[in-house]
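Take a look at the structure set out below.
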Amino acid sequence: MAKESKLTAGVAAALTVVAACALCLLLPATARAQLRVGFYDTSCPNAEALVRQAVAAAFAKDAGIAAGLIRLHFHDCFVRGCDGSVLLTVNPGGGQTERDALPNNPSLRGFDVIDAAKTAVEQSCPRTVSCADIVAFAARDSISLTGSVSYQVPAGRRDGRVSNATETVDLPPPTSTAQSLTDLFKAKELSVEDMVVLSGAHTVGRSFCASFFKRVWNTSTNPATAIVDAGLSPSYAQLLRALCPSNTTQTTPITTAMDPGTPNVLDNNYYKLLPRGMGLFFSDNQLRVNPQMAALVSSFASNETLWKEKFAAAMVKMGRIQVQTGTCGEVRLNCGVVNPSLYSSSSAVELGSSAPAAVGEEGYAAS
């Protein structure tokens with residue numbers, strides 16, 4: 001009888017959590033409003049500094065990691081919202097996770113930096129700072145290191161407990177048209193201007209050949225024959241073909257800088273390259289052929305300060321997409337796995353406050 005009573009209580013608690021989260025998901029504006037700058041000022045005053053230190057240490061060894069962390073935040077937010085779901089290595093419901101899906105694997109990077117930051121934060125303030133917030137802080141710090149752009153990050157996100165590879169269809173592929181880009185961003189409550197502004201992140205980082213291969217090779221022939229996408233400069237296409245020969249496959253580990261001029265500097269060079277036919281992706285070229293987008297490209301190409309101001313604002317706006325706050329979600333103890341049920345069922349504990357002391361080291365499951 002006692003066993004049945006315990007089971008009933010457990011089911012009731014689980015249903016309460018599900019109901020609470022369902023209610024939060026129905027009230028996205030309310031959740032966004034709960035994010036605030038300085039969220040950890042009392043509960044973990046050094047949280048942002050610890051994340052900054054982890055990012056700076058990684059950047060000192062590899063400047064390219066900054067682009068990876070910026071992209072990590074984007075890919076997190078566009079699938080299920082900014083909830084750290086892209087970090088999960090195991091899907092509690094079974095099946096492949098976002099992290100393993102083709103848009104993310106093998107190109108997405110920065111997971112080790114997030115883990116290092118989480119370890120440092122947990123040592124200082126156990127069970128307090130979410131992985132989703134760490135991702136947002138790390139992206140901001142990466143932008144600061146590469147572009148001397150600083151902005152404050154509203155925090156208070158909770159970590160999600162679901163990660164499905166199939167949902168990565170929400171990520172805009174490099175083959176996107178102007179209309180599909182507009183639609184994908186609109187679905188996340190981001191405007192055409194936000195989309196053009198955020199596309200400027202392509203001024204840092206690298207890409208695998210597979211993302212642009214069909215712009216320079218005709219794959220309908222065997223062997224593939226050279227072509228030049230109308231949106232590409234012939235000389236740039238020739239350079240890309242030399243880098244990625246016709247026998248390149250989806251898994252060939254060859255990459256090229258998305259901005260060949262200043263690949264590790266967050267500047268407005270991306271917008272200057274587009275009119276010259278040097279946008280690496282088909283989707284990049286779409287920004288210069290669509291009149292509304294082309295006007296924005298021209299504006300940002302001539303005014304880097306304007307673009308950086310708008311980029312910072314757009315990053316903050318993106319960081320509010322479908323967030324979980326309050327008692328929804330959880331404060332994940334290990335960014336790669338969801339918490340044990342003992343801890344996660346304690347939904348009354350709000351992020352930023354002290355968690356129950358009942359959970360010990362078992363919360364740090366191996367990822």
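Think of each number as a place in line: the chain as shown, counted from 1.
Note that Cβ sites are derived from N, Cα and C of the backbone, with glycine treated the same way.
Record note: Swiss-Prot gives ASP259, THR262, ASP267 as Ca(2+) 2-binding, and the candidate from THR203, THR219, THR325 in that site is THR203. Swiss-Prot records a disulfide bond between CYS125 and CYS44, which is the match among CYS44, CYS77, CYS82, CYS131. Looking at the candidates CYS131, CYS244, Swiss-Prot gives CYS244 as the cysteine bonded to CYS209 by a disulfide. The record gives THR203, ASP259, THR262, ASP267 for Ca(2+) 2. Within 8 Å of the mean position of their Cβ atoms, the other Cβ atoms in that chain belong to VAL204, GLY261, PRO263, VAL265, LEU266, ASN268, ASN269, TYR270.
For the Ca(2+) 1 site, the Cβ centre of ASP76, VAL79, GLY81, ASP83, SER85 serves as reference, and the other residues of the chain with Cβ at most 8 Å from it are CYS77, PHE78, ARG80, CYS82, GLY84, VAL86, GLU98, ALA132, GLY160, SER163, GLN322. Here the C-alpha separation of THR203 (Ca(2+) 2 binding site) and CYS131 (disulfide bond) works out to 26 Å. The most crowded of the disulfide-bonded residues listed here (CYS44, CYS77, CYS125, CYS335) is CYS77, judged by how many other CB atoms sit within 10 Å of its own CB.
Using a 10 Å Cα-Cα cut-off from HIS202 (heme b binding site), the recorded positions that qualify among ASN164, CYS244, ASP259 are ASP259.
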